[in-house]
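A short worksheet on the structure shown next.
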Amino acid sequence: MASVPVYCLCRLPYDVTRFMIECDVCQDWFHGSCVGVEEDKAAEIDLYHCPNCQVTHGPSVMRKRRGAVKHADVGLGRDSGRPVKTGSAQFVRELRCRTFPSADEVLLKPTGAQLTVEFLEERSFSVPVLVLRKDGLGMNLPPSSFSVTDVEHYIGTEKEIDVIDVSRQADLKMKLGEFVEYYNSPNRDRVLNVISLEFSDTRLSNLVETPKIVRKLSWVENLWPEESIFERPNVQKYCLMGVKDSYTDFHIDFGGTSVWYHVLRGEKIFYLIRPTAANLSLFERWSSSSNQNELFFGDQVDMCYKCSVKQGNTLFIPTGWIHAVLTPVDCLAFGGNFLHSLNIDMQLRAYEIEKRLSTADLFKFPNFETVCWYVGKHLLDTFRGLRENRRHPATYLVHGAKALNNAFRGWTRKESLGEHEQEIPDTIKTQQLVKDLAKEIRLVEDIFQQNIGRSGTPFGGSQGLPSPHPKAQLNTPLTFSQHLSKKRGPKPKEAFGGGGVGPPGAKKKSQKGKEIKTEAGELDLLEIHTKHTLKKFQPGCKVKKSKLELPDDCLDDFEEKINKSKLKLVLTNGKLQGKKGRAGSANGAGSSLQQFQPHMATLSDFDSEDELQIDETPPPRRRPSLPSKKKLAGLPRKLPRAKPCSDPHRIREPGEVDFDIEEDYTTDEEMLTMQGVKGGAGGILDLLKASKQVAGLDSALSEEAPASPSTRDAIQGMLSMANPPSSSSSSSSSSPLSISGGGEMMGLMKEKGGREGWMSGVKKSERKAVFQRPGKRPIKRPARHLSDDESLDEQETLGTCFKDSDYVYPSLESDEEDHVSKSKMKRKRNWDDTPWSPKARVTPTLPKQERPVREGARVASVETGLAAAAAKLAQQEQQKTITKRKYTKKKTPQEKVHSTVAQLQHQPDSAPVSPPLPSEPPVDCIVEERRVEVYSASLLDHEYTAGPGPFSPGGPRGSGAMAPGVFLTSRRPSLSPQNSSSYSPSAPSPGGLVTPTSAGACQGKRPKKGLATAKQRLGKILKIHRNGKLLL
């Protein structure tokens, strides 16, 4: 077995942890500690002679300095051919003499108690923060008498540390005991600086506690799992020991981390550069240049600020700030780095710059990508939780999540997965996380766009400090709740012409454009609603900066009552729910609101494009109500309301906005009972008023403006087609709502341009509308996102029902849990429900596409519709011909022949059918014909449901209801509008109409092709295609 080679005077084997130097004479290796050669000084030796060789060859030969320059002849290095090196004594002297802009221009200087998460959220932590005293910061530090000797005592003399040789800007390793000896020596031959002594795992850690704000924001402190197989990054606690004239060149802290410094003894001077896109590009170019140590980066940027941190001061430097540090006197300081969620995008940009510059691992954030994966999972859970609780994340959190998700996509690409795979935790499913996080971000952005509007920058530009009052005032423009929709809602500070109604003792600012600070705990919800209303209902004559002028007495009275009552209200399903014992106050405030009604009556209509927005995440079994064309006076509906945290004990998490955003889900019926209805004659309200006798509307509605006779006839025809016995339609049992189970209706919507469109109604909780305006495409309301399970259940439930492709059938929501209460509500609501719905769907008429036709196939619903139309027309003819005026006209010879043959073949129970070519009917008959034609389409769209009528067991004819699939030819002849007695002037009686039953019965002119039989003519009149579908 070969022996292990030994070296040096001590004749020990090679030790990789000990510095060794080779003798240039005997070629033997010696430990530096054994021959008295320090590692940092070895570079100055040109030829080394070991102690044995020094006897024969003399001492070691040192390197000669070439072209030594006298410092007195050098300015900034520009007067001579050789520039000044960074960190040299001349460089430090020149740096001390230079003038820089003061950092007071950009610094924030709060007290320790004011520096909270909310403080940094409002200002996005985008500028440095200097705290003059440590009181209130929540950190523990040794006393000011603590020295480097004490550091050695708590950490250990043999602790190997990284030291920077300032003059050469090079790294070297030393034992802590050696550095302390150098630090305490009066004669120092060089300048050494310690900036990377992390002591989290030492006894010194028990004496130092990081600031409370750092512990709250730090990713590693809060999100790093204890069971992680990766090594926990320890970058929170550093001890910085520097002697006079120590200098650290410009840099960005690793991983884009933010950093805190507290000077325990001495002083440090920071040179700060803002991380703009241009400055970051210049920094990357400067860092990769070959003459970096000859260029002062502060000369290449527009602004370099100087900030002096004295003993007892604490400085917080935000993400990405480029900074250099000069130590004018011996200094002992503590600091640390931390990642946070306030500026994720900048952290990732700094990390990418590090990678492009090939930074050594020693100066990188350990396991940076692993931390990011844990944070991504946390953000996904946060977004889901906030959305389920109807609370919204702050803007900076959404932007940070988007940047983080984009980084995840880059790290998991096939071509780059190899170099990033080792930092991915095993508990993270990367592809699923990227997909789910992108979905949550999309949902949040949709909510922002529809309910709150697109906000500009995440935070306002104000840098003012909160009031030192114990109840810190909330700088409202800096919270996300201020960014309400520019289209749909005002900012709370703009209501009442810029003056807010605040709690007693609160200061008021009437100057325009100034921010109004309101104490969060004192905000009145009713006041916010009123401010929303006054801002929303602005006169149409002024597009911008218009204010609603109200009498001073109304405002004073309203303000006085609010201040007296101190209302604390919660909006539940559009109803004001006050606390116990405050009903009288609520009523008083409601009476004050009534004073505003006369002034709101002059407000103009709103553009429907601004109003057709709904929340995508309403509560489960409830759909938000839609605003009508005419906005009802009073409190606004579907407006996001900024409400302080309803739970006084709720702790707002970082990244959550201070205000809850709430929507109003008041139904149309509730709004009609609470507020007056305003509309013009000939509009939609005329249809409601004309049908009040059927739907049980309040008689006060019809007294304002009576409907025209034609409109009333149209309504009566519509109701009679939906339910044959029109005489009993006023009762709840025979109304069209009760026939279809109390939840469906048909309506006729008259639009602004005078056109009429059909609306097929659905349940109030399921309405979605498309308002068709003249000359414009339909405006559709965005539907809320349904889960996959809900969609599948609806499709399975409705899959067997007949559906016409020309109509859109809104989905039905499940109500298994509360079907009992809903059924009671339906029965109670049937008697006063209206036949017109502003939320019914009206779809545009599109060209029909060719479909495959099966020969001999018959559609059951079409046959049923034909039977219903024929029976109804027969009953109408019998009723109308009794009182109608008979029109006699001279018959043509051909008509006489038809009349004679028909009378010979007439049977008592035969259905009346007109000749193929009837003469022109009177005007009244034409109106009736058009109405019946249109209603036939709606009958075919809905399955016929039996009720008290001619086809029911209790009907006049005594026959059962027409079942689907039973054809007209086997029951009774068909009836068409043109075959009624009102169109046949020659008809002697309602039952004496002519019926050509065979080709031989009529000896006159041969009928047209396709019109030979009654069924063909009826199909032609009703515009039914041969395959049983409607032709629109």
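Using the three backbone atoms N, Cα and C, a Cβ is placed for every residue, glycine included.
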Query = Looking at Swiss-Prot, His251, Asp253 are annotated for Fe cation. Which of His262, His323 sits in that same site?
reply = His323
Task = Match it up for me: which of 65-83, 521-539 does Swiss-Prot list as region 'Linker'?
result = 65-83
Ask   = In the structure shown, with every protein chain counted, which of the binding-site residues Thr248, Asp253, Lys268 has the densest set of Cβ atoms within 10 angstroms of its Cβ?
value = Lys268
Request  = Look at the binding-site residues His251, His323 and tell me which residue has the greatest number of other C-beta atoms within 10 angstroms of its C-beta.
outcome  = His323
Remark   = For the zinc finger (5-56), the DSSP helix/strand/coil residue counts are 13 helix, 13 strand, 26 coil
Message = Centre the Cβ atoms of His251, Asp253, His323, go out 8 Å, and tell me which other residues of that chain have a Cβ in range of the Fe cation site.
response = Thr248, Phe250, Ile252, Val259, Ile317, Trp321, Ile322, Ala324
Ask   = Relative to the Cα of Lys268 (substrate binding site), which of the binding-site residues His251, Asp253, His323 has the closest Cα?
value = His323
Ask   = Averaged over the region 'Linker' (65-83), what pLDDT does the prediction give?
value = 50
Key: Cα-Cα distance linking Thr248 (substrate binding site) and His323 (Fe cation binding site), given in Å to the nearest integer   = 9
